[in-house]
Amino acid sequence: MSLQKSNKITPFLTFDRQKWAELRKSVPLKLTEQDLKPLLGFNEDLSLDEVSTIYLPLARLINYYIEENLKRQTVLHRFLDVASPKVPYIISIAGSVSVGKSTSARILQALLSQWPSERKVDLITTDGFLYPLTTLQEKDLLKRKGFPESYDIHRLIQFVSDIKSGKRHIQAPIYSHLTYDIIPDQYNVVDQPDIVILEGLNVLQSGMNYPSSPHNVFVSDFVDFSIYVDADEDLLKEWYVARFLKFRRSAFSDPNAYFHHYSKLSEQEAIRTASSIWDEINGLNLKQNILPSRERANLILIKGEDHAIQTVKLRK
């Protein structure tokens with residue numbers, strides 16, 4: 001058996017790092033150290049060993065699911081007697097602020113675009129579907145940024161619905177972490193790729209997170225395979241504070257940065273500020289909205305102290 005035994009009733013198979021790595025089989029590692037460097041997050045130091053151990057087996061699994069999905073589409077279109085439109089396979093990646101969702105998404109994008117054949121893989125972040133800064137200010141939602149009510153959920157649902165309808169030239173708004181706002185009149189265009197990776201805090205959330213929404217469908221209804229990147233909250237807070245301190249010395253020093261004023265803080269002041277932001281905003285959002293969605297994922301990646309993934313949980 002290549003999984004951990006447990007008496008607890010669970011819908012997941014649980015693998016330790018070594019057992020999961022064995023499932024790579026013969027999947028080739030085509031990434032080099034040079035390829036990996038631009039994929040890493042601002043505060044992460046991830047090795048090629050992590051790619052081989054965790055992400056290559058995951059790429060192999062996802063490729064099996066994609067093959068089965070294509071077969072199901074063919075059966076449905078044959079039954080309906082209609083031409084088969086090109087419908088992208090949607091992978092969602094959820095998890096807390098500072099857990100490393102973006103890095104996981106970029107690594108998967110690189111791997112899935114290279115093997116077993118060349119594919120077009122688009123990566124979209126749901127940050128682009130946040131309300132503009134002026135709207136958040138008008139709604140008094142600046143301290144709720146990242147919470148469900150801070151997103152234009154209707155626009156996001158329409159976006160993923162259009163992808164699954166096989167539509168072409170679909171526009172996704174672009175978010176700037178420098179200005180802390182949507183960039184006006186700039187878009188990423190999704191034009192029938194083979195795979196779309198949708199990364200964000202809210203991609204696993206459902207009706208309970210949007211009680212006032214008139215929709216009876218949500219982003220998760222359009223997703224083919226969902227991933228949740230997990231870690232203990234103490235680690236998440238530690239990583240958030242460390243990232244904040246690095247930003248204070250780099251991105252925040254740009255006079256155009258929304259958080260430029262933080263660059264003038266002393267290190268102790270910056271630590272207190274980052275801790276307060278975590279406790280009042282990010283940690284609260286994690287407990288109320290993000291963590292409760294974890295068990296809906298098809299796969300959970302659990303990180304340890306060094307950002308390395310120690311445990312993988314796969315839905316049966």
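Please read every residue number as a count from 1 along the shown chain.
Here the Cβ of each residue, glycine as well, is placed from N, Cα and C on the backbone.
Just so it is clear, the model here is predicted, and its values are computed rather than measured.
According to Swiss-Prot:
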BINDING   GLY95, SER96, VAL97, SER98, VAL99, GLY100, LYS101, SER102  ATP binding site
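Here the features listed in Swiss-Prot are placed on the structure.
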residue: GLY95; record: ATP binding site; Cβ neighbours (10 Å): 30
residue: SER96; record: ATP binding site; Cβ neighbours (10 Å): 28
residue: VAL97; record: ATP binding site; Cβ neighbours (10 Å): 20
residue: SER98; record: ATP binding site; Cβ neighbours (10 Å): 24
residue: VAL99; record: ATP binding site; Cβ neighbours (10 Å): 26
residue: GLY100; record: ATP binding site; Cβ neighbours (10 Å): 24
residue: LYS101; record: ATP binding site; Cβ neighbours (10 Å): 24
residue: SER102; record: ATP binding site; Cβ neighbours (10 Å): 21
Helix, strand or coil for VAL97 (ATP binding site)? Use DSSP.
coil
Enumerate the residues of the same chain, GLY95, SER96, VAL97, SER98, VAL99, GLY100, LYS101, SER102 excluded, that satisfy the criterion Cβ within 8 A of the mean position of the Cβ atoms of the recorded ATP site; list them in sequence order.
VAL229, LEU236
